[in-house]
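**Student:** Under the heading signal peptide, TrEMBL lists 1-16. Look at TrEMBL and you will find 31-118, 129-219, 233-321, 326-413, 419-506, 510-597 tagged as domain 'Ig-like'. As annotated by TrEMBL, domain 'Fibronectin type-III' applies to 614-709, 711-808, 813-910, 914-1010. The compositional bias 'Polar residues' annotation in TrEMBL covers 696-706, 1144-1158. Summarising the annotation, TrEMBL assigns region 'Disordered' to 696-720, 1054-1158. Under the heading transmembrane segment, TrEMBL lists 1024-1045. Under the heading compositional bias 'Basic and acidic residues', TrEMBL lists 1054-1074, 1132-1142.
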Amino acid sequence: MCASVCMCVCPSVCMCLNYPSICVSPVPQPPTITLQSPKDYIFDPRENIVIHCDAKGKPHPSFSWTRNGTHFDVEKDSKVLMKPGSGTLVIDISGEKAEAYEGVYQCTAHNEHGTALSNNIVIRQSRSPLWSKERNEAIMVQRGVSLVLQCRPPAGLPPPVIFWMDNIFQRLPLNERVSQALNGDLYFSNVLPEDTRSDYICYARFPHTQTIQQKQPISVTVLDSNPVGDRKPGFMAPLGATSTNMVLRGETLELECIAEGLPTPEISWSKESGELPSNRMSLKNFQKTLEIRDVTEADAGDYRCVAKNSLGSVHHIIKVTVKAAPFWISAPRNLILAPNETGILTCRVSGDPKPKISWLVNGVPIENAPQDPSRKVEDDTVILSNVQTGSSAVYQCNASNEFGYLMANAFVSVLAEPPRVLTPSDHVYQVITNHPALLDCASFGSPIPTITWFKDVKTSIQNGDPYVIHENGTLEIHVAQKLNSGKYTCIATNTLGIRENHVYLEVKEPTRILKQPEYKVVQRNMNAMFECKVKHDPSLIPTMTWLKDNGELPDDERFVVDTDSLTIKDVTEKDEGTYTCIMNTTLDQDSASAMLTVVEATPTPAIVYEEPDPPSDLELTDQRDRSVQLTWIPGDEHNSPTEKFLIQYEDLLHEPGVWHNLTEVEGTSTTAQLNLSPYVYYAFRVLALNHVGYSQPSQPSRQYRTNPAAPDENPSDVKGVGSEHNNLVISWMPLKGFQSNGPGLHYKIEWRQKDVDQDWSSESVANVTQFVVSGTPTFVPYEIKVQAVNDYGSGPEPEVVTGYSGEDQPLTAPENVQVMVHNSTIAEVHWEPVPTSSVRGKLLGYNVGLLSDTLSVDSCEQVLTFSGNRSEGRLPGLQPYSLYNLCVKVFNSKGEGPPSTSKNFETPEGVPGPPSFLNIVNPNMDSLTLEWGPPLKNNGRLTGYTLKYQPVNTTSELGPMKVMTFPANETSVILIELKSNTLYKFYLSANTIKGSGPNITDESFTVMDTTVASRQVDIATQGWFIGLMCAIALLILVLLIVCFIKRNKGGKYPVKEKEDAHQDPEIQPMKEDDGTFGEYSDTEDHKPLKGSRTPSNGTVRRDESDDSLVDYGEGGDGQFNEDGSFIGQYSGKKEKDTHEGNESSEAPSPVNAMNSFV
């Protein structure tokens, strides 16, 4: 006796069947690799090397290995062990040099039916080399500059993980300003004093050996003696305007942009001519790294990273190319063939560059393998024709390019096996009514057996409602009914034999809860009882389960479960909740729920309005072919009278599970006479409606089947339209399920040519929605009828519909084509319409084709379509002063007819287009040179050009216009006697005899008089400027007097002493060349006075210059000592230095100083 059977029943599917009564002899099978190590295997030298290789086959395969392309004798090396029954190698490298076992390994699995190969497995030892000895010089940088600390770890296998820490092994904080690059270097966009430290240490962790190496510490000192000011961003990595990056398909693309600048720049990313893949991308390292996972070819392109701060922005373009190692489109699959059959192995791969495909047979290149006349190789395909027993083999497909390779094994097993049925005999299947039933007939054989089914031995089962026979032999019944119960026989047949098997189907009645538990409102300490009455198939054993709030009932003796009820004694508030009864059988279940509410005893309970309970006890009486009477018992109305009852039906034959509204009756009725259709398996249910809403549906009535009858109606939407010039396609909307009125529905098609004395032709069809009549004349009317017919008769006499056979291209061309030219851009064409009979279809219109400046009559370029049966049309949008060639064609749905005789016509001259360009060159103080080009479209003979120009003053007002004309052959002019430093606007147009065309305009300045400009700039000698300087000096003197008085009153005020003791070497005298004051620098805090900038336009605004005594003391928080002196000295607060250290250090101008006291 066999415990189980495992067998491959098709090229790609193996099945295991636990049937203790079946024993199947093993089927021969070539080897198949089932487990192998990855292509790149990096091992830890402290552990054994384990190279996996497992395979299956009948008989079980033997294993051998190659290393670096030559045979590897496992038995001669005492350190190498091959696991029994497997090809897996275990190499003990303890006490040995692990490097000796590095190399490329390949496993071979062989039996008498073929040889399978593993991938080439590259074995390499993991390495974690020491950091080279080096001495790091201390780094000293000024505040604000950018800085890069290089890591440059030793190359390991695999590459190490880089991170920066200090000497107490705390990770260095990273942010937008300080970040670690992909190569491990540490970048500072700008340094700050807090970056000063002596323990910047780069660590490299090697994953396989779990060792960590560290670089010598780097010392960084940030100086504040000469800080670098604000600046726009610049890229630190990558360098230059563009860079390139290549990534392989399926891998992760990492793009990096790190910028320096002050303030610290922000990085943003975009893709030129495309969107970033939001579902596969992420931004890391404070937006500096763009990562795109699972790269595809669509990710290739130009990526732009932008670095931006308040002073400007800069961008870098990274050109990404996507290549691809070979990847499968369709890998070869195993084949099981019978003798003399034909099979195909396909090896479809893609990659970039395109992979090269090579084939091997049993591990030998196919060109070196023994010749096989049944085998033909065509690039990625191997065709095997008329195979014979004994020609089983394993084929290997190898696809490779410069980025990698793929290899797949696929065996071809040539077997001659009679059918075997693997499904156990006399197996019993049980299903619930109206559920699908699946009867198995698992089989094996070569050739693949054909499966046929019979019911009760004698009735052959064909594909079609209600049966479906699947490719694997399984018989499916979509909606099982009682009548489907019985004995079924499946027969497996091939050229070598026949085998049959018997199974049984039992269709059971569904489990239904007839009386559901009801919502209960119970007073505390009273009893509550929920009823749950169930109907089930008598052959099935039911199990009743009660739940409270979807959990088990409390372990309390107050809860009493009976056969069809649950009683809760002495209820308390804790018993409130939802109670569910579940009735289970081995095949199905049904459930219903109700809520319990516990209340205090009240003398007068409130009136509760709810939906009515569903009607019950549905009964069918007065049964006839087309009607039946339905009666029911109404449910509880819950204090709201029933307004009406809604009756619904389900068609169990055509639409099981779908309920349709049938009719409504008054709420006082309990009976309804229902009109029915033939050949329908009815089930009815009733819903009650009151002012609260509809009740739940009642339980369905018993099934009521009406007898078949002839159809009551015919198909709708009957049409006749030809698809070819010699046919007529008749189509219709078929009848739906129950409209058929009986089995065997088909359609009787009748047709004849209209207005021709001939008999009707007819044809009967089924399960289609159209019929094609061939050999018809072109585009003639036909009378058409479509009638529904079933096994019980024909439908009513159908309505006659007129249709037309197919169209063909028109035969004749329009004649008498005449053209009337209205003006230079509009013409009108007239023609005589073609005869209706020559159109050979429905006339859709006429196409008018035009050719400009050519007399060709062989072709017409369509420019305008005139729909309908027209005889004229207007041609707008013509080019002036052009010669046209015109032809007219008629067209229908099949195309155009022949062209008419061509007609030539000319359009008169028009105004020209604008000159092609207008350039202003050689501007001087009183002259300009204008150059222009002729119009791209002359639209006639040019007669000359008109130039207009006028000055524009500083308020954008236009001066007087001057006009000049030029002959057609002049394209430049020098304008003289112009005003210097003046903006002029120019308008230039071309002329024909029809007038001037549109203008082309431009503007330009004449050159400024340098003598005047020099006088304007030299304001140092102006009287108003000297007066202004005197006023400023007077105000400064007043300020000093006030300070002196304050110091005498309030105690010591050491400004003067401090100024005398610490003369600032940076105080510069007024520069003679530009009339400005030298810079002022605070020697203690190195910060400028607030508001000391002078706007570039020479104006001073109050909000930009607000110097005061507060700024020379301790800001807005300045206070006095007890003796009245300032607490602060003539130096800014340190807090202020922190916030304002990046401000400009420009010196205050006298104008600003004056403005600060206003």
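Placement of Cβ uses the backbone N, Cα and C atoms for every residue, glycine included.
Note that TrEMBL annotation is computational and uncurated.
Since the structure is predicted, the reported quantities are computational estimates derived from the model, not experimental observations.
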**Student:** From the DSSP assignment alone, can you count helix, strand and coil residues within the domain 'Ig-like' (510-597)?
**Tutor:** 3 helix, 47 strand, 38 coil
**Student:** At a C-beta cut-off of under 8 Å, are there same-chain residues at least 6 beyond the compositional bias 'Polar residues' (696-706) that contact it? List them, or none.
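**Tutor:** Sequence-distant neighbours of the compositional bias 'Polar residues' (696-706): 512, 514, 611, 613-616, 618-620, 623, 625-626, 628, 630, 632, 648, 650, 652, 659, 676-687.
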**Student:** Counting only pairs at least 6 apart in sequence, do the domain 'Fibronectin type-III' (614-709) and the domain 'Ig-like' (31-118) share 3+ Cβ pairs under 8 Å?
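**Tutor:** Contact between the domain 'Ig-like' (31-118) and the domain 'Fibronectin type-III' (614-709): absent, because fewer than 3 Cβ pairs are under 8 Å.
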**Student:** By DSSP, how many residues in the compositional bias 'Polar residues' (696-706) are helix, how many strand, and how many coil?
**Tutor:** 0 helix, 2 strand, 9 coil
**Student:** Across the whole of the domain 'Fibronectin type-III' (914-1010), what does the mean pLDDT come to? Round it, please.
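**Tutor:** The predicted confidence over the domain 'Fibronectin type-III' (914-1010), as a mean pLDDT, is 89.
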